[in-house]
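Enquirer: Please find one structure pasted underneath; my questions will follow.
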Amino acid sequence: MTFQALGLIDPLLRTLNALGYHKPTPVQKQAIPAVLAGRDVMAAAQTGTGKTAGFALPILHQLTMNGVTGPQRIRALVLVPTRELAEQVYESFRNYGGKLPLRSAVAYGGVDIAPQIAKLRKGLDVLVATPGRLIDLHDQGAINFELLQTLVLDEADRMLDLGFERDLDILLEALPKQRQTLLFSATFSDEVRKLAKGIVKDPVSIQVEAANTAVKSVKQWLVTTDKRRKPELFLHLLNKLAWSQALVFVKTRKGVEALVKTLHEHGVTADSIHGDKTQPARLRALERFKRKEVRLLIATDVAARGLDIEALPQVVNFDLPSVAEDYIHRIGRTGRAGMEGEAVSLVCADEVDMLKAIETLTRQPIPRYVEAGFEADHRVPETSSNATPRKVPTAKRPSGAPPIAKAPAAAKTAARPAGGSESLGVWTPPEKVSKQAGRDGNAAAKPRGRSFNTSGGSAPKGAVVVTSGRGTKSQARSDGRAAAKPGARKSKPGAR
């Protein structure tokens, strides 16, 4: 099947041909005809399946064929959970609609609202926005919804995860009841189905992959180790396997910056994205990574959804996520558009429950490996589906591969604070203590932390310790949202 067979107008077909898109993806084959027919749509599709074009192309077609906008009016509204996704969806509309006489804009919090109000004065055909900023624009009288024809909720499951339910209720009350509604979600959770029940009417249901399954084009494996040894193991794998670029997920913002600092100290170029970064700083970091100016992008789960990075070869879960579904969204950054990808997880003893939850959700075991010299002192129990551990494979360094990073230097012993949450410390045993001495109980004392049954053993010289506490939903909610003003509406906090 071709895009022409789907009935799209010639300007869109010429643009798609110029962009090198010749055949629609499965979600596009189903979504485009349904949208062109005016039907509501409820689609379960992962990022990377072409879902954005699945709604953007038919919306641009309809807007070109039907009517014009007016001052402070919009005709199509796309709601997204984060700033990053808002920018990417907006860019898609601009790329696809470049030859069409349509106006589009993007609106999100954390930046000056005045330029967004100025664009709305002339009226827009398409507005891509985060819920919180859209409510601000509506409260200030900068936007009128009376001409709205189509509403899109993109990554609806993520919006609910981030606490946007109240904001969505406010917006849905303000929107015309007679409209076309398109709901796209990575998964059809009970919460998403409940949301859909009140906003879509007799929808065309689309599901391009089995529910809650990991991306099939991504090779997944994990390495077990102790939490304190994760930075050292990560550097070791980075060099041994000659990863050219990787997107690395860490559970907390503080953990992200601690890892970036460690990497910089050992000659590895890295940048970071998390909720404490300003929007311009986050965009700069993403662009530097896309231009291959830095080797690693270290991120919290705010970056797990919606990031569009072409030909990303590697995703590393430095920490497993706090929510099993986020594992699917993380590894979905690689193995896109028919390309192969790889996702590696570093797993310690206190992450076993989450590992089991991930394997239950994806309905597949994750192959387990061990790396010589990095065996876990705190045993990582086998999950029911895990195969016998294997040795981490070796890889030849390709021509032009990045230089090998230096091993972590020895440092003074520093005890980890009680509780161990989000603290950075360094532990180095005496230089001449052998592993056997460690087994005999003669090694230096380890920092305080969670108790485990241990067989003893000492970490190699210079082991760098990064410990990260649980991420919180409030952290995620703050990503992309401007601070609330005193006396403002009472709504559940959310990323705008």
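Cβ coordinates come from backbone N, Cα and C, glycine included.
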Enquirer: Out of 1-29, 117-145, 349-377, let me know the one TrEMBL marks motif 'Q motif'.
Expert: 1-29
Enquirer: When you scan the chain for residues with a C-beta under 8 Å from the domain 'DEAD-box RNA helicase Q' (1-29), skipping those not six or more beyond its ends, what do you find?
Expert: 36, 43, 45, 49-51, 53-54, 57-58, 60-61, 64-65, 95-100, 206, 208
Enquirer: Under the DSSP assignment, what numbers of helix, strand and coil residues are found in the motif 'Q motif' (1-29)?
Expert: 17 helix, 0 strand, 12 coil
